[in-house]
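Dropping the structure in here first, questions after.
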Amino acid sequence: MSHISRQAYADMFGPTVGDRVRLADTALWVEVEKDFTIYGEEVKFGGGKVIRDGMGQGQMLAAEAMDLVLTNALIIDHWGIVKADIGIKHGRIAVIGKAGNPDVQPGVNVPVGPGTEVIAAEGKIVTAGGVDSHIHFICPQQVDEALNSGVTTFIGGGTGPATGTNATTCTPGPWYLARMLQAADSLPINIGLLGKGNASRPDALREQIAAGAVGLKLHEDWGSTPAAIDCCLGVAEEMDIQVAIHTDTLNESGCIEDTLAAIGDRTIHTFHTEGAGGGHAPDIIRAAGQANVLPSSTNPTLPYTINTVDEHLDMLMVCHHLDPSIAEDVAFAESRIRRETIAAEDILHDMGAFAMTSSDSQAMGRVGEVVLRTWQVAHQMKLRRGPLAPDTPYSDNFRVKRYIAKYTINPALTHGIGHEVGSVEVGKLADLVLWSPAFFAVKPALVLKGGMIVTAPMGDINGSIPTPQPVHYRPMFGALGAARHATRMTFLPQAAMDRGLAEELNLRSLIGVVNGCRRVRKPDMVHNTLQPLIEVDAQTYQVRADGELLVCEPASELPLAQRYFLF
C-alpha cells in the first residue's frame with residue numbers, strides 16, 4: 001500500500017480528519033471532524049487528474065448526474081466541520097458525500113457525468129450564504145457589496161433614500177410593497193420585505209401582509225407604543241409572519257417592563273438589542289434573557305473597540321434626522337451610546353444569549369461587514385475569555401459553530417425561511433460561499449447563488465489568464481439576464497400566495513413561502529439558546545447576567561482589518 005504524508009495530502013486534496021485550519025489571521029482554529037472521502041478514491045479536476053472520461057467521470061445522462069460538483073470542500077456550518085464533495089442539481093444542494101464515477105469507484109453518491117461542471121474546492125472552505133435580517137433598502141448597490149462579502153439573503157424594508165427608509169426598515173403600504181417586489185425581481189439576491197407595523201388597529205397591517213410583506217417592523221420613529229406592539233403581534237399570530245422591533249429609546253410611552261408586558265409570551269425579533277442602535281435606555285439589553293425574544297445585534301457595535309463610541313454619535317445624528325443644535329436631540333443621541341452595554345454585548349454573544357448578527361445597512365450599519373465583524377467578535381472573545389467548552393486550546397469548533405449560526409441558520413429560522421436558506425444542507429438553495437482559509441470572512445474566492453457563480457474576484461479582462469492584476473470583484477453570469485430569476489428567491493407570506501400576488505405582479509423569480517415564524521423560540525436558536533437574567537444598573541449602566549458582571553476592555557487591534565484592506 002502506498003503512503004503519503006499528511007502535509008502532502010492536505011496540499012493535494014485539502015485537510016482531512018484531525019487536521020486543523022486557521023481562520024484567516026484570527027486566533028480561531030477548526031479541526032476536521034469527518035471526511036466523506038474514501039482514501040485513494042478522491043476526485044480532482046485538471047490535466048492528468050481524476051475527473052476524466054472513464055475514470056472519475058462516468059457515462060450517465062444529465063438526469064442521473066450532478067449539474068455541479070464542489071470537490072474536497074471543507075464545510076463549516078452549524079451542524080459540523082467536515083470534508084466532503086458537494087453535489088448541486090437544479091440550483092439546490094442535492095448530496096453531501098463522495099463524488100466520482102459509480103461504474104468504477106466504490107461509495108459514490110455524487111455522480112459525475114459529461115453534463116457536470118466542477119469547482120475545485122480542495123484547500124477551500126465552504127459556508128452557507130449569509131442572511132442579513134436588518135436591511136434598510138436605501139440603494140440597490142447594497143446588493144453588490146453584500147454578495148462580495150458572502151451574504152446572499154436580505155430581510156428588511158425601505159423604498160430608497162427616503163427619510164423614512166434612512167431611519168426605519170419599513171416598506172409601507174401595498175403600493176410600495178408592489179413596486180419594491182418588482183424591483184427586487186432583478187436583484188441577484190434573495191429578498192423578503194418588512195411592512196410598517198406601527199398601527200393600533202389591525203386592518204392596515206393585514207393589507208400589507210396580503211400585499212407581500214413577510215414581516216412587520218415596529219420602530220420608535222413611527223411610535224412603538226404598547227398599543228401598536230400588541231396590535232402588530234396580534235396580526236402576526238393570525239397570519240404567521242415575524243415582527244421585528246426597535247423599541248422606545250426615550251421611554252415616552254413606557255419602559256422596558258411595559259414593552260415586555262405588551263409583547264407577552266409572543267415571539268418577537270428585537271433589533272440591536274444592546275441599545276446603541278435604539279431601544280429603551282439604558283436597559284433594552286434585558287430583553288435578551290426572555291424565552292420568546294429572538295435577539296440580534298447590528299454590526300457597528302461589534303466588536304467593542306476604542307473607536308466605537310465616538311463613531312456612533314455622528315452616525316446617530318444623521319440616521320435619525322436629529323439636529324446637533326437642539327439640546328434635546330443631542331441628549332437623545334447620548335442616551336443611546338453606553339460603553340458598558342456595548343462591552344457586555346460581545347460577552348453575551350459569546351455566551352450564546354444574543355442569537356443573531358446583522359448590518360443595519362447605511363442606517364448605522366455596514367452592509368458588507370456582517371460576516372467580518374461576527375468573526376472579529378469571536379476572535380476577541382477567545383482572547384478575553386479563553387476556549388468555550390467543549391473546545392480545547394487547539395481547536396475552536398464549538399465557538400465557530402456558535403458564531404456562524406448567528407448570520408446563517410438563526411436569522412433564517414427567525415423569519416420563517418430556514419427551509420430554503422441558511423445552511424449547507426440537502427434540499428436548500430445552493431447559496432454557497434467559497435473562501436481561501438487565509439481570506440476567510442474577508443474576501444470570498446467566489447459566491448454561488450442558486451448553484452451559479454454570481455460574483456467572484458476577476459483579473460484583467462484582456463489578460464491571457466484570469467488572474468493578472470488588477471483583480472477585483474465583478475458580477476458573473478448568475479447576476480445577468482433571466483439567470484437571475486432562476487437562481488434568486490423572493491419570499492412571500494401565505495396570505496400573498498393565496499391571492500396570487502406573484503402572478504399579479506408578474507414576478508419571474510423563484511418564490512419561497514415563509515412559515516413557522518410564530519413557533520420559533522429562543523431554544524430554537526442554534527447554539528445560541530442561553531436565557532440569562534440580565535440586569536442593568538440605571539446609574540452606572542453596569543450589566544450583569546445571572547449575577548456575573550460583564551466587563552471587557554475595548555479592542556485596540558483586530559484581525560480581518562487593515563492587513564486585508566490596503567486601499
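Cβ atoms are placed via backbone N, Cα and C, with glycine included.
Here's the feature list from Swiss-Prot:
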{"type": "ACT_SITE", "residues": "H320", "note": "active site, proton donor"}
{"type": "BINDING", "residues": "H134, H136, K217, D360", "note": "Ni(2+) 1 binding site"}
{"type": "BINDING", "residues": "H219", "note": "substrate binding site"}
{"type": "DOMAIN", "residues": "129-567", "note": "domain 'Urease'"}
Mind giving me a neighbour count for D360 (Ni(2+) 1 binding site)? Other Cβ atoms within 10 Å of its Cβ, every protein chain shown.
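Its Cβ has 29 other Cβ atoms within 10 Å.
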Compile a sequence-ordered list of residues in the same chain as H136 (Ni(2+) 1 binding site), six or more apart from it, whose Cβ lies below 8 A from its Cβ; state 'none' when nothing qualifies.
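Result: G156, G157, G158, T165, N166, T168, T169, D360, S361, Q362, A363.
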For K217 (Ni(2+) 1 binding site), which residues in the same chain are close in space, meaning a Cβ under 8 Å from its Cβ, but six or more apart along the sequence?
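Listed in sequence order: G157, T168, T169, C170, L194, G195, K196, G197, V243, A244, I245, H246.
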Rank the binding-site residues H134, H219 by the number of other Cβ atoms within 10 Å of each Cβ, and give the residue at the low end.
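H219, out of the binding-site residues H134, H219, has the fewest neighbouring Cβ atoms within 10 Å.
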If one measures from the C-alpha of the residue listed as 'substrate binding site' to the C-alpha of H134 (Ni(2+) 1 binding site), what distance in angstrom results, rounded to a whole number?
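Distance between the two Cα atoms comes out at 12 Å.
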Note the mean pLDDT of the domain 'Urease' (129-567), expressed as a whole number.
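Averaging the confidence scores along the domain 'Urease' (129-567) gives 95.
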